Each structure stands twice: as structure tokens, then as C-alpha cells.
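Participant: I have a structure I would like to understand better, so I am pasting it below and will then ask my questions one at a time.
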Amino acid sequence: MEMITSLLAGILFATGIYNLLQKQLLRIVIGTALISHGAHLFILTMGKLKRGNPPIIVEGVENYVDPLPQALILTSIVISFGVTSFLLVLAYRAAKTNDTDNMDELRGNENE
Amino acid sequence: MLTAIFLPLILACFIPFLSKWKDSIHTGWFVLPIPFSIFVYLITQVGTQFSPFERSYSWIPSLQINFDLYLDGLSLLFGLLISGIGSLVVLYSVYYLHKSEQLGHFYVYLLMFMAAMFGVVFSDNVFALYTFWELTSLSSFLLIGYWNHRKGSRYGALKSMLITVFGGLSLLGGLLLLTIVTDTTSIQAMMDQKETIINSPQFGWILGFIFLGAFTKSAQFPFHIWLPDAMEAPTPVSAYLHSATMVKAGIFLIARFLPIFSLSEWFFIIVSTVGIVTLCWGSYMAVRQTDLKGILAFSTISQLGMIMAMLGFGTKIAVFAAVFHILNHATFKGSLFMVAGIIDHETGTRDIRKLGGLMTLMPITATLAVFGTFSMAGVPLPFLNGFYSKELFFDASLHLKGEGLAQTLAAIIPYLAVFGSIFTFVYSMYLFFGTFRGEYKEKELPQKPHEAPIGMLISPIILVLLVITIGLIPELFNSALIDHVAEAVKGEPMEKHIKFWHGWDGTPLHMSLIVVALGALLVSFRSYWSGVYKAVPGALSLNKAYDWLVDRTEKYSSTITNGYMNGSLRRYVRLLLIAILLGTIGTMLLTNGLALNPTDVEDVTFPEMLVVIMMVLAALATIFTNNRIAAILILGVVGYGLAILFVLYRAPDLALTQLIIETVTVALFLLVFMHLPELRKRHESAGTILINASIAILFGAMMTIVGISSYNSKWFEPISDYFLETSVKLGGGHNVVNVILVDMRGLDTLFEITVLGIAALAIFNMIKLRRKKGAKE
Amino acid sequence: MSNLAVLPILLPLLAGIIVAFFNTKLTAVRLFSRVVAILNLIVVSYIGWDVYQNGTIILETGGWKAPYGIVLVGDMLAMLLVITTNIIAVACVFFASKSLSDKKESYYFYTFFFLLITGVSGAFLTGDLFNLFVFFEVLLMASYGLIVLGGEKVQLRESLKYVLLNLFSSMLFVTVISFLYSVVGTVNMAQVAERVQEVEQKGILTTIGILLFFVFATKAAVFPLYYWLPKSYIVPNPVVSALFGALLTKVGIYSILRTFTIIFHHEVDITHQLFLWLAALTMLFGVIGALSTHNIKLIVAYNIIPAVGFMLMGIALFTETSVAGTVYYLIHDMIVKGALFLLVGAIAILAGTSDLRKMNGLIHHYPVIGWLFFIASITLAGIPPFSGFIGKILLMQGGLEEDQYAVVIIGLLTSLLILFSMIRIFIQGFWGEKDETFTPNKKGARGFTWPIAFLVFFSIYLGAGAETVYPIVEEISKSLLDPTQYIESVLKE
């Protein structure tokens, strides 16, 4: 199964990147969201899947899944949430002030 | 000696405070005592009893960078030149520069240069040498740009800086190699390891790097082009830096390393070829100039070439002649620059085509010029020092030996020496007769000329007196100074006696006579052959090459940079991804990183696969949908899918968090993008789509492969067992993930919250500022 | 074990939070920020001194012993960089009120500022890879806040690219950390180093290392990953540009330096060889960029890139001399870039334009700024006796010792071109005819001068007074090349 989740994470990366390579802002932002999903799935996979119970200590249970990746993902999810919200507002503001949501028209020119 | 270096620097710091008196007393008077007292100190060292000595002062001992000062004959000669000519130039400048000029700046730069130049010649430590070397370039830059409102000054300053700093950096490379080979930073210590240096594999590089440094500084062909443009500096500066001292730093360097380098035959081949070519080219080009200082600049180039060539010969007599000529050149060229300055000052022009017939109006100046030019031309008269050095030069050129290439060179050199000297004669005469004889063109002169004030004449008079004294009693200078110098350079005792009269059968004398005869002919019939300059150099000038290079550097830089930095995010991301792809895949192949055989994996179950397939479809759908709300919702599907996976994979906390955050994110997306345009159909060429798709697929594939390989390479037990064991006992919590977050990795969580906080503030700012703008509109 | 190590992070964090609550009381906030910045500099200098005297200080946060909890490692390298960071912080905090409008200042400038310092110091101090990611995010988020401050059209446009590229590399970063965790089962840098050493960096490890390199290289602006840098660094306020130019890329370089000396140093032929060529290309393309424009801010921004090339070169050569060169260059570059960004910012404000072609003869109006600029420029080009020189000779010496003539020649040529690009500004902007119609803003100029002079002073000191700094750098280099020292100090206490 780990192979399959790795593949899935890779697909999330690929679709995310494809979206990142588009011109329209919305697609680009969607791309980053997909990539972060891919990243989180990778972290989870790397800690091995389903080996034991959820990491909540219960008397008499010996086997637990690796708790550390979960903690890392949690931190990372929250951080990406912060960054994504910021990015959303930034995208909105940039598009409004520059009157376009097309990155190709947001190139700028030399010597400004 | 350390005082010699730092005294000027210290005074330089005080110069700005002297401006109080600048209306009553010329700043130059404050400066004058410094070079003069150093000169007096150094002159007390001169004498037959002189022997080299060393003083050390630490600077950065842990890097072996120290002020190890060393005074031998060579540095003594240069020290005398720097302080002696320095004193005269300062004296001269007092009358040359008016009080209304920015004298403070001028003298600060000049003192800085003086200090740096002392540093160059006294340093035994190669890094200290390099430090001072670059400082001379910098101060020269500032002095050339002194009248920086002139375009020519700025151009000349930049040119000299680029070329000399280029050489300086090359020199640094050479010196670094030397220290690597010898494991010392002291030049004297390097002298003891001649064989090691010569036989080291780096020797070729050392030679190349150091030569480049020396040739650029001493304006050798083809790097000489900066010197004529440096004439934009005030004349005292030209006389001082660009004739007597700084340009001789390259010569100094070659002389310093001569005992080591001359063991290689390439030393002779390279240095004498460059020197002799410079001699010929410089004197040839000098005749074409119309600006007095232009003539002097090219003449300096050719004279430097001559000294360089003599050092290149490397024989006893040649070395002796070289150091002798360093002194002689400083005297007559210094006086001639000052004369040119006087003419400029008095007539308002330096254009030789407008000058003429000044002999009667400026008799003293003219007399000084006679001695200067005739000495420079090497006219055989017993009271001109230039003649002796020229004679020795011819003599040396006749006694060259060698094999192979060196032999051919040795055979050609005497002819080239004569050729160059003929033109030296021609430009010297041209300079004198063009200015002082011939028709007086009153109308073309901006102001009416008369004899210069006495103050301006003192310095050139002293120099001319030196010319004559050396000419009359060369022995006096030989035993007290020149012998020591030559000994320091050659590394063996010298006993050379200069006589005026060698008898009629001496070949050098014949050569001198040929020079005078042919030279006189060429001078007389100048108008008949001057067309030759149209052919050589014609349109091919090195200056143009330089301009072209600088211009192209800027142009191509713009073309290249604007070519890829075009502001397109897509381009940036593509290039970035391709770089990562290439680097990573390359490394993976080179290091056998692949480990694709599944080891220790879980079974695949149906519900999981269902979720996975749903997520794949959703992820792909984000690409193909053209409806923004649909796109956002589909993105939500991926997020919720991930949450389900978290549940399946025993991560309840994650699942909860993911659910909440995904919901909020989707809401945010909807909120923001309702105000932005609807998704458009893409109008992309098939090529673009192909490129984007392949980059995306390759990158995804790469991540998967690296991920799987990492998974299959679990070589160590993860540290998590510790968390599971201690969570309850030490952390006091049963939910291990929570304990990790708030306790074991509490710092992460603290700063994760910080990130959220900053994001909130930043978002708040962006929204607030929008309102402000909205109010304006 | 010492709690001191947390202070460089904690102080600015608290200060940042406190000023956030009083953002409208501008006078008080300014005063408070200045006091805290100076206080912080004193504190970190004291800690630096302590480390110098008594060796590395390790703080195991929450009392969880390494490698299980997060450790903060205050070794000499980290402390030196933290001190330098705080020197720049002091200069910037005094400059800020001169160049920012009151309005912008009250929009939480000081909060972002202090949190940026927090993130940077944290990144230098942490001994945990994931924690490094978190600090990266702190400093990036603060930089996002700073870069959009003001909300100009251009600003928003360039920030968007900046944020997107950094977001991508951050995501890659966490992914790579998880890969590494999978293989070695830990995120503590010392333990990672120990375990990588145990298996001699075999199999997939080098690939993971290279991915990690690319993550850091994107932050550090190594060729060909620096596209986001030049334009986005010139759009915000000068003081923000100075902070970015002095600190952000350096964190990336620091991370490469750390990871590729103590962790991934077993396949030098592959990894470090790649770095060497990237370093050469970084120098060349960076300086070509600097020559391509007439915008003085952009010239300085592009000049960040060749400096990164120099530092990477030292890491790539991987000898004691060259690594010492990198460390020295790192400190030098932080200070001189800070000074230069403040300078061009000040010049652009005083001259009313940042287009070089529209400037002329400024030295007559602003002599002090002019000369400070001159010194900073030649310092940047590595002309002795200023600070760039020491780093440069160490790097070049390192290159020559390894017979890497091509790279050394490129390095020397780059120095020349850097000088060319900078001296052009001096010649065209400062020299020339005095413009009598121009009314100089003498008072404004004075306000700018002191913070800049403060930085230039350090830059001169690093050159002329190298004897006091170099032995420390030499020690650092030795310890970087001998990772067991680091590993033992973290794991075996």
C-alpha cells in the first residue's frame, strides 16, 4: 500500500505542478494546495502505514503507528494553512490592483 | 619605514580639518614636509656601506598577512623616487592648482597614493604587497577622476581602474600560488626556494598571473591603453603617478622576482618580447599624438617598455642599465611633464598644432625642455644621463644568448632596439621643436603666454640639474645607490663602471649614431611619411577593442539577463523544476540510489483503493475543469480524501485537523475567487502543453521514485519508540501525537502559531491598505 | 546545557508580540524597538563570548534529551551569524523610521521585523531539521508581511512570484525531510549525521541530500534557482530590502554549509563537484545580471548572486581554507549587503530616482553618502584592506590548492566585474557636474548616514581587524570539517 500512496502523492505533485505552470492565478493557487497535500501524504507514508493502533496509549496495547510523522504533518498542515490563506489574499489583492489574474500580464518590465 | 607608510595616511585623515585655513595658506604647504622628511631619512641610508634590513609589524598573523618591511637597494631606490619626486610634485602643485580647487580631496588622494606606493616597495609580505598594490590603483582612479566633471576624466578613471585592477587580481592569483608552493608569504623566504618554485607544476600559472599583473600596471603592450587616458589627471599627478612611480610598480615587481623567474627561459622570452614591442609601439605611436601630454604618455609607455626589456634580458649589464634608467627616466620625464604643465598653464592649450615659437617667450622653460628631450632621445652628449642608459641598453642587447626561440629573439632584438630608439629620437625632437621653435601662432592660443612663476620652475629645475649631474658624474650615483639596486635585483655583487667614451669602435656608439642620423632624417621629412599611420594602426586600435569589450559586456549582459529573467512565473518555475530534475536524477543514477523492490509493505485493501482512485480523479479534474467553483470544490474533494486516508491510517488527530482546515480553506477560496474572473479556456499551443505536462509528470515520477526508494531503505529504527515509551511517564499524556506537539517538540508548535499570527497580521494589512486605496479612488 | 541559547530567539519574539499591541503608539514603539535591538545585540554578543570561552552551548528544549526533543545548538558558527544578524538589525531599526512613512511603520512593521530576526536566529541555532523548516516558515512569513507592506502595484506583483516559489520549495523541504526520516529514522541533525556516516551515505541518501541542496539553493539563490530574487528584493522599502539582502539568502547558504559539511560529506566527488560548477555559473550569471541594468537597486540585488556563488565555491572545495573562506565571506557579505541596500535605498530617495542614467554629480550634495558608497563598493569587490578581501583570498587559495584554476579565474573575473558594476554607479551617479538646480535634502541624508556608517565600520573592521575574527573562523572551519565534534556535543552530553 505504501507504494500506492507514494504514487498517489507523486500524482498530487504532478497535477499540482501542472496547475502551477498555468497562467491563471486560481489554477496556480490550486496547484500549491495540491502540492501540499502531496507533501503531507508523503510524510505519512514514510512513517509506515497501519502498523498498529493509533498512537494513543492504551493499557495492554503494544503496537502503535509511528507518532512522529503525524506530529510533523500537523505542524505542517497548520503552517500551510497560514501560508495558503496569505497567498489567497495576496492573489486577490495583486489581481485587483493590477487588473488581471493572468500571470503572463504580471511580468513587469526592466528598470522599474 | 612603517612611519613612511602611515605618516601620509595619518595626515590624509587630518586634511579635511585643514580647510579652515584654505583661503590663506595653500594646503600643499602642509603636505610638503611629509615626503620631504621621508626623503631625508632615506637619503641618509644611501652610501657604499648600505646593507639591507628588515622590520616586522603584525597585522593578521594567523593568516600570515603582516607588514614585513624590507629595505634593500631596490626598495631604497623606489623609496627615494617616491619621496623625492613626491616632494617636488607637491611643491609644483602648490603653484599649479589654484586655491579654489578642491585641494583637500587632491592631497588626500595624493597622500593615500604615496602611502600605498611606499607600502608596495617596502613590503616583503606578498599579501601586504597586494593590498598596497590595489590601493595605488584606487588612488590613481580617484586622482584621474579628480576633475570628474569632465567626461574624459571619468572615462580615463574607469579605464585605468578596470585594467589595473584586472591585473591586480591576476597578481593575487599568482601570489597565492607562490605562497601555496613555498608555504611562506615572505618574498625573501621565497628566494631561498627558487628551485621548488621553478620545478613546481604551478610555475606556468604563477608566471602568467604575475606577469599579467606587472604588465597591466606598467602599461605594457597591449595593456598600455589606459595610460594615455590617464593624462586627464592634473599634470602633477601625471608626472608623479603615471610617469615616475606607480607605472613603475610593475617594473618593480618583475625586478623583485627576477632572481627566481629568470631561471626559466620563458622569463627572457616573454618579458623582453613584451618590453621591446612596447618600446617600439609606444615610440611609434608617440609621434602621432598632438597633445603634449599624449606624446609624453606614449613616450612613458615606450620607456617603460625599454626598462622591461632590459629586465627581460636578465644579464648583469642589462639589469644594471635597467635600474639606472629607472632613475634617469624619473628625472627627465618628470621635468618634461612639469614643462608640459607649465605650457598648459601659461598658454591654455596642450595641442602641439597650436603651439610653436615659445622659445623667446619662455626661455627658462625652453632650456629645461632642451635638456629633458635631448636626454630622452639619447643624444650622445656627456652631460645627459639618458645617453648613458641608452648606450647601456644597446650594449646589453648585443650580448644576448639563448637556444631555439630565445636565440631567434636574441638576434632580432638589437634591430628592434634601434628601431624603437629612432622613433624615440623623433618624438623627442618633435616635442621640443614643435613647441618652442617654428612659427608663433598667437591667434590660436587661448591666452597670452609668458614665463612661468618661479615657484613652478623650481621643481623642473631641480630635476634637470639631476639629469646633468648624473650625466657628468655617474660614478657618484653608481657606487652609492645603483650598485646596491642592481645587486638586490640580480642577487649578486655588481661592478660596472660607466664611461662616456668607449672609443670609436664600440658598436653601441655606432647604433646611437645611426639612431641620431636616421632620426634627424625622419624629423625633417615628417610630412612625407606620416601617412603610414593610416595603414598602421589605422582603424584597428586597441582603444576601440577596449571600448568594444566594455560596451559588449554591458550589452550582452542585458541581452542574456533579459532573455531569461523575463518576469514570467511560468518560465521561472519551469527552469527551476528542470534544474532540480536534472540534478536529482543525475545523482540518483550516479550513486545507485534506486531501491524500488517493495520491502515490508502493507496489503492493499479495497476501501483504501477507492479513496485513492477518487483522489487521483479529483486531482486530474482540477486540470480539466473550466469552472472555478467546480475547481475549488474538487480541490476540497482531494483534501477530504486525504482526511479519510488519515482516518484509515490511524491518525485521528490529523484527520480532524485536516477536515477543519480543508473546510476553512475551501471557504476562503470561494470567498476570494468569487471576486476574480471566471476560469478561462486555455489557449495554449500543443507544444506548451506538452512541455508543461512532461515537466509535471517527470517531477511527480521523480518524487514517487525517490519516496519509494527512501521507504525501501529503512536502515535504522525510528526514534519514535522513545516517544511511545515516555509519553505517559514523562509527558503525562496518553495521546502521543499531542504530547509530542506540546511537549517534546513544543518549540515547533510555538512557532507554528507564530507563523499563523504573522499571516493574520499580514492579511490584515493587505485588507486595510485596500480600503485606503479604495477611499482614494 | 544552558538556557542562554534560547534568548536570541525569545527576545525578538517577545518584542515582536509586544509591539504588535501598541502599533499605534509610534514614538514609544520606535524607542522600544531600538532599545530592544541594542539590548539584543549586547545579549547575543555576551552569549557569543561565553561560547568562545566555554565551548558550544546546547539547549534541549523542554528538557527532552537529544535526539528526541528539539535541541538548540549555540556553536561558534551559529553565534557568529546571530551576532552579525543583530548588528544588521540595529542598523535597520534606526534606518526604518527615516525611510518608512509613519503609516507603514504603524502597520506592524516592527512586529514583522522582530519576527524576521527571530526566524533567522532560530534557523541558525536549531539543531533539528524539521525545526529548521519551522523557522524558515517564520522568517518567510515575516518576509511576506514585509514585502507587501504598502501594497503597491509592483510590490504585490513581485511578491506573488516570491511567495509562490518559496512556498513550493518549502513544500519540497518537508517532503525531503520525511524521506530522510524514512531512511535514518530521525530529524535531529546530529543524529542524522551520525547515521548517515554509519551507512556511508549509500543508496538513496545522496539523492535525498541533493534534493535538500536544491531546497536550500532556492532560498540561497544559487544558479539556476534565483529567478525570484532580484525583482522581489527591490520592490519593498529600502530597509526591508536591506534585511532581505543581508539575511535571507544567507540562511539558505548557512543551511547548505551545515548540512553538506556535517551530514552529506561522503560522496564529495558527486555532490561537491556539482556545487563547484553551480558556484561558477552562479558567479558569472549573477554578475552578468548586475551589469545588465541601470537601476541601482537592481544592480545591488543582482550582486547578491555572485556572492552566493563565492560562498558555495568554498563549500564545494571542501577544504579547511575554503570553508573558512565561506564563513568569513558569509559574515562579510551580510554586513556589506545590508550597508549597500541601505545606501542605494537612501540614494534613490535622495536623488528621487533609482535610474542611474538620471543621476549626476551627487557627491557635491551628499559627500558622506558618496564616500560610504565608494567604500562599500570596493569592499564588495574584495579590494583590500576591507572585509571582502579576507574571504576572497581564502576562497581563491582554497581553489588553487585544489588546482581548480577555471573556477578561480572565474572568481577573479567576477570580482572585477562586480567592481565594474558598482563603480559605474559611483562614476555616473556621484561624479560629474554639480547640478545647481538640485535642492539637496541634507537633513534626510544625515538621518540615513549613521546606520550606514555603523555597518561600514564593521565591514572595515572585518578587514583591517581580521586578526580578532579570523582565528574564530578558522576554528569554525575545523569543526565543520570534523563533524564528530558537533555530533558528540549534541548527542553525548
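For all residues, glycine too, the Cβ spot is worked out from N, Cα and C.
Where the annotation comes from TrEMBL, it is an automatic prediction and has not been curated.
Quick paste of what TrEMBL says about this protein:
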- B:29-48: transmembrane segment (TRANSMEM)
- B:60-107: domain 'NADH-Ubiquinone oxidoreductase (complex I) chain 5 N-terminal' (DOMAIN)
- B:123-400: domain 'NADH:quinone oxidoreductase/Mrp antiporter transmembrane' (DOMAIN)
- B:130-149: transmembrane segment (TRANSMEM)
- B:203-227: transmembrane segment (TRANSMEM)
- B:239-259: transmembrane segment (TRANSMEM)
- B:266-284: transmembrane segment (TRANSMEM)
- B:360-384: transmembrane segment (TRANSMEM)
- B:454-473: transmembrane segment (TRANSMEM)
- B:606-624: transmembrane segment (TRANSMEM)
- B:613-678: domain 'MrpA C-terminal/MbhD' (DOMAIN)
- B:631-649: transmembrane segment (TRANSMEM)
- B:655-677: transmembrane segment (TRANSMEM)
- B:689-711: transmembrane segment (TRANSMEM)
- B:693-775: domain 'MrpA C-terminal/MbhE' (DOMAIN)
- B:749-767: transmembrane segment (TRANSMEM)
Participant: Checking distant contacts: for the transmembrane segment (B:360-384), what same-chain residues at least six beyond its ends satisfy Cβ-Cβ under 8 A?
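Facilitator: For the transmembrane segment (B:360-384), the sequence-distant neighbours (Cβ-Cβ under 8 Å, at least 6 residues beyond its ends) are 299, 303, 328, 332-333, 335-336, 339, 342-343, 346, 390-391, 421, 424-425, 428-429, 431-432, 435-436, 440, 449-452, 457, 460-461, 464, 467-468, 471-472, 500, 509, 512-513, 515-516, 519.
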Participant: Sort out the residues at least 6 away from either end of the transmembrane segment (B:130-149), same chain, that have Cβ-Cβ distances under 8 Å to it, and list them.
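Facilitator: Tertiary neighbours of the transmembrane segment (B:130-149) are 5, 102, 105-106, 109-110, 112-113, 115-120, 123, 156-158, 160-161, 164-165, 168, 171-172, 175, 213, 217, 229-230, 232-234, 237, 241-242, 246, 249.
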Participant: Note the mean pLDDT of the domain 'MrpA C-terminal/MbhD' (B:613-678), expressed as a whole number.
Facilitator: 88
Participant: How many of the residues that make up the domain 'MrpA C-terminal/MbhE' (B:693-775) does DSSP mark as helix, as strand and as coil?
Facilitator: 70 helix, 1 strand, 12 coil
Participant: Could you give me three numbers for the domain 'MrpA C-terminal/MbhD' (B:613-678), the DSSP helix, strand and coil residue counts?
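Facilitator: Once the DSSP states are binned, the domain 'MrpA C-terminal/MbhD' (B:613-678) shows 55 helix, 0 strand, 11 coil.
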Participant: Treating G and I as helix alongside H, and B as strand alongside E, what does DSSP give for the domain 'NADH-Ubiquinone oxidoreductase (complex I) chain 5 N-terminal' (B:60-107) in helix, strand and coil?
Facilitator: 32 helix, 8 strand, 8 coil
Participant: Please report, as numbers and ranges, the same-chain residues at least 6 past the borders of the transmembrane segment (B:631-649) whose CB is under 8 Å from any CB of it.
Facilitator: 607-608, 611-612, 614-615, 618-619, 621-622, 625, 655, 658-659, 661-663, 665-666, 669-670, 673, 679
